[in-house]
Amino acid sequence: ICNVGLRSCPEFSGNQLTSIPQIPCLISGHKDDADLQVMMAGSTFRKVKSHSWKKPRHFRLLEDGLNIWYKSRWAGRGHSTFLVSDVEAVRQGHQSEVLQSIADEFPPNLCFTLEFRGRQGNLDLVAETPEEAGAWVRGMRKLIHKAKNMDEKERLDQWVWDWFLKADKNKDGRMNFKEVRKLLKMMNVDMNEDHAFYLFTMADTSMSSSLEIDEFVMFYKMLTQRDEVWKLFQDYSSDGEMLSRGELENILRIEQQEGDGCVEHAQELIDRYEPSEMARSQGSMSLDGFQLYLCSQEGSIFNTSHKDLYQDMSQPLSHYFLSSSHNTYLLEDQLRGQSSLEAYIQALKRGCRCVEIDCWDGPDDEPVVYHGHTLTSKILFRDVIATISEYAFKASDYPLILSLENHCGVEQQRVMAQHLELILGSLLLRAPLGGEAPQQLPSPQDLKGKILLKTKKIGCETLTDEVSDEDETVNPDPDSPSTDQGSAESKLKMSRELSDLVVYCKSVHFRGFQHAQAHYKCDEMSSLSESKARKLAKEAGADFVQHNIRQLSRIYPSGLRTVSSNYNPQELWNVGCQIVALNFQTAGLEMDLNDGLFHQNAGCGYVLKPGFMRDSELPFDPETPQEHSGYAPLRLSIQILSGQQLPKVNQKEGSIIDPLVRVEVYGVPQDLAKEETSHIQNNGFNPVWNETLNFIVHNPGLALVRFVVEDHDKASRNDFVGQFTLPFTSIRPGYRHIHLLSKDGTSIPPASLFVNVSTSELTSGPD
């Protein structure tokens, strides 16, 4: 949250407040909207989980316009709520597997799906009438659009009102001190009761022993005062009240290290964030405006220009890292998990540019997709391709690779080829660009809007007739169980129809770097298990880097990772491997690194490798970065100043976290490092650390920096609170906020950290 704060001091007065927020934020100006009126009146829908599980639930949009309330008809007083902002999209009709399964029972104009952020499952609903379904679909889309487009002030208003509504237990529009005490616990604050009562009394200007909304705004502002922001403001403000444009310009140049353009940028910030019209007209900024700026995306640690498509997209495919998924069809583990079209939708919406499809002979001459020789459920190949056709380019325009793990007989391979051609149509790349054999791989720009098939091709392999794509088919790896590779089913002939659809991603067995160079063809690529790839990276890192300048390499998890755990992708990015496939369904450090790397460049799923990994004239070995001619290590200094409104780990009333911050650096082996602050006792609302963590980064071009907040526990393992990961090259110096993400990778506003970052050249040898 942008905690616009004012000093808690005798001089503090209500007339310093900015305007009272308008309630409810998301439906202000739309109260007469017919669709929202239907939603606020409430509707009873059938909640559908399967063909046999359909139960009535009552849903209603609350007056705040922020929450959807729902309950079972028979649940008594029990109910649940979810935030409108947690819903990413609304699909109308039979647009989910669940609703497709009941298509013969309910027409599409009664059905709709709420699609949630992150890894949370969909909510599939069936209305009583088409009019009611239509009202909810349109209404939800309006609210989602409004939530996505709120400015910083509107977001602040939303959160102020949200806390007020949470605190006002008896819903009388006022808040007594007992309700305030409960509110503080909800806010993760352990405050001395005398001080809490002092703030309450200061805010109670009507002396009614309760707070109305305008008084609550005052209380909230006193509670969210930011001394560290106040100090920075005072250091540059000549009168202690306002920043002139010149003074703001000095902050941007000296503290934020922005260089050229500070004059224009200072005026832009005043126009955008200063809430006082008078201050804006005078070209100055108040503390409120300054804090709004610092809390905005412009005050974020992540370089906002890197959120756009800022990289050269005209280089060969082998010069990029690609966001890549393993066994994409699985929502859970590798042995009993559900295979689902939703898994493809989720991966593609996250910008994934290489998805995997495991194909097996199915009944009625229809190939199926599942993890062979396991109890995972099966889905139809044609449905997978139809889903990919619809979602392939929603998050990114750049080429999508279908990594085909082919276990089908020749007849069903022909069926696969027919489905690919018929369903994908012009999206499917069927021939080399220009009609000639390529001398080097085309670029992502050249292949925009195209889907490429990756599997074996007739004529590429003379050693074996096997068509399964995994390297261990030919050369079994000890960590891969025989249920997946080397099975009799994979020793099959290749269908000409399917083979002809493979253009730039022809799968071949890896026989060593010398063999690959001697028999070089840019459109041939290999798949390696994580263990084999890591061994090669350790023993022949420079050769691996050179190989990956010319050709694509795909890495996949060990077959022993039956619970869908992940390996660290950084080790393989260090040697230039482009397609480092992870289990997208499993949250954790590894997916944080993946999300952190691919958050840049408009989230298009392609990230250009550093220059030293694209230059065949200059060898690079990640084990010895100091031997590279472009070696330029940097010092990274991060002052962890404070935290803002960190989420509670334990929702039990009275439970308050003891937060600490750990900064982790990932990159070449010499750059692996972790440093952490002390923990703050009983304060998740506004903890202050003021501790500095220092690092030496030997190879900034490959480094990722991860900020982790944990709840300290002296008796057991710390609990995860939030994290944010970004490339070292995307870090902006100066006073910055870090907007934390959940374990699931979704935003958790208003939780943030406030830091001061600086980098400098390493003039002397490392410590």
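Heads up, the Cβ atoms here are built off N, Cα and C, so glycines get one too.
Since we're looking at a predicted model, the values are computed, not measured.
Marked as active site by TrEMBL: His326, His371. Here TrEMBL flags Asn327, Glu356, Asp358, Glu405 as Ca(2+) 3 binding site. For Lys454, Lys456, Ser527, Arg554, the entry in TrEMBL reads substrate binding site. Residues or ranges marked as Ca(2+) 5 binding site by TrEMBL: Asp711, Asp713. The domain 'PH' annotation in TrEMBL covers 37-145. The domain 'EF-hand' feature in TrEMBL is assigned to 155-190. The domain 'PI-PLC Y-box' annotation in TrEMBL covers 498-614. According to TrEMBL, the domain 'C2' annotation covers 614-742. For 464-491, the entry in TrEMBL reads region 'Disordered'.
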* Just how many other Cβ atoms lie inside 10 Å of the Cβ on His371 (active site)? -> 24
* **Longest CA-CA distance among Lys454, Lys456, Ser527, Arg554, per record bound to substrate, angstrom** => 14
* Structure fact -> Checking the binding-site residues Lys454, Lys456, Ser527, Arg554, Asp711, Asp713 against Asp358 (Ca(2+) 3 binding site) with a 10 Å Cα-Cα cut-off, in sequence order, leaves none
* Structure fact -> Cβ proximity for Asn327 (Ca(2+) 3 binding site), under 8 A, sequence spacing 6+, ordered by residue number, returns Gln334, Glu356, Asp358, His371, Ser564, Asn583
* **Sparsest-packed of the listed binding-site residues (Glu356, Asp711, Asp713) - C-beta count within 10 angstroms** => Asp713
* Determine, to the nearest whole angstrom, how far the Cα atom of Ser527 (substrate binding site) is from the Cα atom of Glu405 (Ca(2+) 3 binding site). => 11
* Structure fact -> Rounded to a whole number of Å, the separation of the Cα atoms of Arg554 (substrate binding site) and Asp713 (Ca(2+) 5 binding site) comes to 40
* Asked: How many neighbouring Cβ atoms, not counting its own, are there within 10 Å of the Cβ of Asp358 (Ca(2+) 3 binding site)?
  -> 25
* Structure fact -> Listed in sequence order, the recorded positions within 10 angstroms (C-alpha to C-alpha) of Lys454 (substrate binding site) out of His326, Asp711, Asp713 are none
* Write down the Cα-Cα distance for Lys456 (substrate binding site) and Glu405 (Ca(2+) 3 binding site), rounded and given in Å. => 9
* To do: With DSSP as the yardstick, break the domain 'PH' (37-145) down into helix, strand and coil residue counts.
  => 32 helix, 40 strand, 37 coil
* Roughly how many Å separate the Cα of Asp711 (Ca(2+) 5 binding site) from that of His326 (active site), to the nearest whole number? -> 32
* Structure fact -> Cβ contacts within 10 Å for Ser527 (substrate binding site), all chains included, total 27
* Structure fact -> Spacing of the two Cα atoms, His326 (active site) and Lys456 (substrate binding site), in whole angstrom, works out to 18
* Asked: If you average pLDDT over the domain 'PI-PLC Y-box' (498-614), what do you get?
  -> 96
* To do: For each of the recorded positions (His326, Lys454, Lys456, Arg554), count the other CB atoms lying within 10 A of its CB, then report the residue with the highest count.
  => Arg554
* Structure fact -> So Glu405 (Ca(2+) 3 binding site), by the Cβ count within 10 Å over all chains shown, scores 26
